[in-house]
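As recorded in Swiss-Prot:
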BINDING   A:Arg47  NADP(+) binding site
BINDING   A:Arg156, A:Ser157, A:Ser158, A:Asn281, A:Ala282, A:Gly321, A:Lys336, A:Pro337, A:Thr338, A:Ser339, A:Thr340, A:Arg363  FMN binding site
Number of protein chains: 4
Amino acid sequence: MEILGGPHFAVAGAGESHGPAVTTIIHGSPPGFRIRRCDVQPFLDRRRPGGNKHGTPRNEKDKVVFLAGLYRDDTDALLTGSKLTVDVDDQSFETEGYEDGFTTGEPIAAIVLSTSKKSGDYTQFSGPTGEVRPGHTDLVKFHQSKGFVDVRGGGRSSYRSTITDVIGGSVARIILRECFGTRFVSSICQVGSLKSKQSLADTLTIDNIDEIETSLGEAEIASIDHEFANEAGELIKETRKRGNSLGAAVEVVAVGVPPLLGQPLYQSLKVRLMGALGGLNAVQSCEIGSGVDVIPRTGSENNDPIRSSGYQSNTHGGLLGGITTGSPLVARVGFKPTSTINLPQDSVNKRLDEIEFELAKGRHDPCVGVRAGVTLESRMAIELLNSVLAYQATAHCGDSIKLF
Amino acid sequence: MEILGGPHFAVAGAGESHGPAVTTIIHGSPPGFRIRRCDVQPFLDRRRPGGNKHGTPRNEKDKVVFLAGLYRDDTDALLTGSKLTVDVDDQSFETEGYEDGFTTGEPIAAIVLSTSKKSGDYTQFSGPTGEVRPGHTDLVKFHQSKGFVDVRGGGRSSYRSTITDVIGGSVARIILRECFGTRFVSSICQVGSLKSKQSLADTLTIDNIDEIETSLGEAEIASIDHEFANEAGELIKETRKRGNSLGAAVEVVAVGVPPLLGQPLYQSLKVRLMGALGGLNAVQSCEIGSGVDVIPRTGSENNDPIRSSGYQSNTHGGLLGGITTGSPLVARVGFKPTSTINLPQDSVNKRLDEIEFELAKGRHDPCVGVRAGVTLESRMAIELLNSVLAYQATAHCGDSIKLF
Amino acid sequence: MEILGGPHFAVAGAGESHGPAVTTIIHGSPPGFRIRRCDVQPFLDRRRPGGNKHGTPRNEKDKVVFLAGLYRDDTDALLTGSKLTVDVDDQSFETEGYEDGFTTGEPIAAIVLSTSKKSGDYTQFSGPTGEVRPGHTDLVKFHQSKGFVDVRGGGRSSYRSTITDVIGGSVARIILRECFGTRFVSSICQVGSLKSKQSLADTLTIDNIDEIETSLGEAEIASIDHEFANEAGELIKETRKRGNSLGAAVEVVAVGVPPLLGQPLYQSLKVRLMGALGGLNAVQSCEIGSGVDVIPRTGSENNDPIRSSGYQSNTHGGLLGGITTGSPLVARVGFKPTSTINLPQDSVNKRLDEIEFELAKGRHDPCVGVRAGVTLESRMAIELLNSVLAYQATAHCGDSIKLF
Amino acid sequence: MEILGGPHFAVAGAGESHGPAVTTIIHGSPPGFRIRRCDVQPFLDRRRPGGNKHGTPRNEKDKVVFLAGLYRDDTDALLTGSKLTVDVDDQSFETEGYEDGFTTGEPIAAIVLSTSKKSGDYTQFSGPTGEVRPGHTDLVKFHQSKGFVDVRGGGRSSYRSTITDVIGGSVARIILRECFGTRFVSSICQVGSLKSKQSLADTLTIDNIDEIETSLGEAEIASIDHEFANEAGELIKETRKRGNSLGAAVEVVAVGVPPLLGQPLYQSLKVRLMGALGGLNAVQSCEIGSGVDVIPRTGSENNDPIRSSGYQSNTHGGLLGGITTGSPLVARVGFKPTSTINLPQDSVNKRLDEIEFELAKGRHDPCVGVRAGVTLESRMAIELLNSVLAYQATAHCGDSIKLF
């Protein structure tokens, strides 16, 4: 099923790049946590196309409207914020979205409309003679769906689907922060051949996180190494002009992580994070903790010593046997250069006739990694909350449950 | 997770009685099936409150808007039908819903707004001193959610959640009918002590189904026994006047059912149908085939003889070992009398202080079984399509898959 | 997947009537509960063929051997009990099974060998010209598996698969009893047309349960109405002589049930129990609480009044909105007369050639309901523990988790 | 749940390093595929401890016994091979395991006994004052299970659990090879700082696979670069003598892969492979296709050109949008140096008292990557077959299903 996380805390999504809206249903949120639209919107703003000048020129406001799963007796506070109108069969129906309420434990639903759509740009890809963009899903999706694929802007394979990840992840972060003080931060650490000289994992602590979050939030290229960020910005600008694209790598770190999470073995938090982070659009490498750097080390160099105060180093990236140790969760995710480029390439159409492919129209991210941070943080939060619930389920099995 | 069916064809839902909208995501629809809003709406019209004079006085039009999972290159035909507007943060965003498109194989999303809400009616039930309606979930939901329950109209436990069942079920029926000619019909066979003298199972065939469907569609009480239907209508009217409520039983039959469906043993179609039909709001009995009538029979009386043309009788209700035989799927589902009545009853408030409960305000169904038919048909269709996909997965495992 | 319960507490099973063994893996058991082979074996003894003179003549001892998921530092106590030897490729390998240990939180595995197998009895059913027993899965299984079905004794569809239900259910009962004092009892309340004059639901309480369990344990026909039990025993004997079979109904009741369990709506405990109990081999009706008796009642007759001490009656059978109220869980399950009879019947072979079917050989239960009680109790326990874990997961989400 | 793959083809496992046996249940195998014990055993032989002089000195024969899910009317051929004896309660029970049969579509079960157990070696780790091996799960498992962890040899976290992966993977490979000619090969490409100069992905084709498989099968260090293999062997020997351990990297490649597999987006084959391969014990990096090497490339350098004959290069590693293109599936997995070393390290006991840790006894792999190849191949095969079934389910939804 189209589900992130689960079976305890799970996020279902639907929606395509140029469809009417992206729809999200969040299963398994514990009751009693305050969710305000204004607390979720900023995460979507970090993700939205048009929010970052190095991203795609497409400009969507991506305003979230909550439709279910929140409540408070003060229904004015609950409902004053967004209005939803449906005009259909010559009738008009109106309702208010949820603005500020508490999770009831029931499924939470939200939609984000897609309004800045130039569907005409994509006729180049329609039908059996539609052209195939090398590196894209055009060919496999067309044949997997027997020709019924939505070609506009990449359809469901488009990065727009990650609106669901960010809505689900935002609710998860709000709950994790309130319960454990957990925080999630990401920093771009490579663009093309340019590499950051600072690692987020070595820098971030519970004490400096506010400051780092603010500075990353304001940066064009969200990296803790400002010098690298500026160079990377220039490189992206230049590459866009040449009609080409760039790869990137992003560090994702969570601090204030509860220990002992991640069960059972085959669904450990490492299995889940490697899948969720490594499975994101355009990703081709995922590393936990020191990642590939552990391979040349010996055991004595790599093992993290332990003292009564905790693990003295974090090569394990916060996971041992797929279980959290309480040390920061550290992952580094590598993105391929965006497939869509404005340069001629050998390709085929959907019927496999050979063509020389040149992009007619369409707005694209020259470096998808640049906007991916908040999505990676969101996916990490979803999997972490899911494993919190799995842990609490068995840890408190015998706790008394009373009604009368 | 809040999922009907699955893991192949699965329907996720969210939304409460007085929430902004009911949201539905359908997972696993095969690609290439034409879904038109106008083909789904009639099923919702059969379900909607206000569509049947014997139901609740609440009047909702329940117009469905499709937001994802459909496509056709002719985007005018795809999009001309419904318009969705969101007003938020002093900005207005507009998009068109899907009107007529083909399933892409991606998740399908739809919403139905809730607009006829008298939330004020439910203050009687709010907070820790809120009153508890005997027979309702008020008390258990309040404590299960640590007090964060949405009390308006029964919240998520309200029958309104079955909008999702009917949307998912309608998509399933359209696909099953196109693939196998499968049809689903239900008929009310008991209201209070009044019993229908005709059984749908004994009457319905592929040949007379159009005629039966039309007559049931026009009836106030959808029963193939018109005489019984009239008497039942009178009984319901009279019971409503007395502020009381009635139980009911509904027969659900599917014809044109493909054989060999239902695997594996622990997830057989019988396990799934007993759960899906027997688990519906207010249901306390579920029977397959001859149901309780098989108990007093001997094996020789009950076994259905088999000839080359098929099973000669259908005590097994279309399932043997939880696997479809191709005979009609037959189930009979018993509903308790609606819990909400306008008569004094011994009860408590949420803090367990004893009270004499009397309903202040609120609009209710005196006989919930009357509107349940289309929901039962929908749940049967969802589980049947799920088992079709399970069968096809292993039956065609070795079939070649080519691209180049 | 071949899973009972889940996703929190889930029981996977494998094994056919005449296969080498029935294998069981239990997922999600909380850590720290003492499981002794001698505490589980009695439940299997209640189920085993040959343990009840009114059941099948087949005689299996069904000794369980635990292979994983238990531990204690005192490995002598852990391991002294059963020995497992494998002879293969001219080598012999030996190990000891777990006798008495504590759940580690890891998957628990167990096997029960099948040794009393007269596989020759079933040549009558082999291959494309194999004969079809009316009421059985022979025909649908043969074609569903493209002819690769194991025909011996009903293969996987055989009641022997319920060894897994009972092993999983026994572990669940041990945990539920230790945590909440929950107990599960079943009583046969109908055999053919004979009906018990006493209902278990009206009789059983936490105070008299020991006495009732003992008397049921000793009875040939486990019913609280001894007079009915004797008559039923006679009726079964007589029916067996006539080569025929009988239906039955079994009441299943759980007392000491924790309240507030069963979430979310689409996976409520009612959905799960109706599916698990109603989905069992040979079952064609499942009722919760007063079952079909609620239909003719009015709301005022049926609603259970509530006082500070609790629900004053239990027409709801312990579930409102699919959520436990703390009142006893009550279900009544109807079994068809066993399909296999020693009387001539119209049937076909697997190629649909018409035959006059007569059973050549084979040992069968004339009344499968007689042995079903412990399996129904087990399935109820599995689903109840699964819902306990689901409740605890969200109820304790914010509880602190510390390591250093 | 403790499940690899799923929900179509899923493998459940149970068993600890020093438990009686490792138990495996395979769900969803299509019917009609011939499985012989002698076809599965060689894969286990590649995995087993004691089968590779560079691995652990522990020597287990790991003979598999099949207990369910296979059948053929020729029961002699089905059963002549292995014998299973249980001695319990002063009685002896005997049965034969399945030797050579056809999948029935029912769950397949198998066990492998653990017989070479020196449980005494692990008293150093027992109880609250038991010592913690840096880099191991000792501490987190002890507290996650409230002290009820099985400390012997790493309990469930031990590499021994991968017996299940290899049994499930072997059945999957047999089916995939028969259906599509799919083959899976792995080659060690890095040990410590030593790197192979040949890449399996650049070398392996359908034509040379037999030759390569044979040479890898005979090698002490299974790498296509023999020179590198010899140097690596020496390095491991030397490292073992120094009481230390080494990291490693393994390439896994599948050829003859059907295209169009991997749906839906959130459960794409990339999500699944990154999770399954990247989640394996001791892994800290997982790369698909060119992996980290894509990051510094531009789009024009990285996009694989397409001609009518197929993709002209394979930087995408056989997956675009998480969907197979038919090109070889390529992954590279990095293992940390084994945590257990014979050198003093700063650590704590389970109560967090600080200790200087030195290994008393115990047999360990100095370089876990050396034995991991067959497990990685197995996990890739399980996920690939699962996605084949998902594809066939929707691709053939409308295909007719007939019985009469």
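Residue numbers in this text run from 1 along the chain shown.
Backbone N, Cα and C define each Cβ position, glycine as well.
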Binding-site residues near chain D, Cβ-Cβ under 8 Å, from A:Arg47, A:Ser158, A:Ala282:
none
Inter-residue Cα distance where the pair is A:Arg47 (NADP(+) binding site) and A:Ser158 (FMN binding site), in Å:
13
Proximal to chain B - binding-site residues among A:Arg47, A:Ser158, A:Thr340, CB under 8 Å:
none
Binding-site residues (A:Ser158, A:Thr338, A:Thr340), the one with most neighbouring Cβ atoms at 10 Å:
A:Thr338
Between A:Thr338 (FMN binding site) and the residue listed as 'NADP(+) binding site', what is the CA-CA distance rounded to a whole number of Å?
16
Neighbourhood of the residue listed as 'NADP(+) binding site' by C-beta distance under 8 A, where only residues 6 or more apart in the same chain count:
A:Asp62, A:Thr162, A:Ile163, A:Val166, A:Arg371, A:Val374, A:Thr375
What does DSSP call A:Lys336 (FMN binding site) in the simple three-state scheme?
coil
In which DSSP state, out of helix, strand and coil, do we find A:Ala282 (FMN binding site)?
coil
Within 10 angstroms of the C-beta of A:Lys336 (FMN binding site), what count of other C-beta atoms is obtained when all protein chains are considered?
30
So which one is it: of the binding-site residues A:Arg156, A:Ala282, which has the fewest other Cβ atoms within 10 Å?
A:Ala282
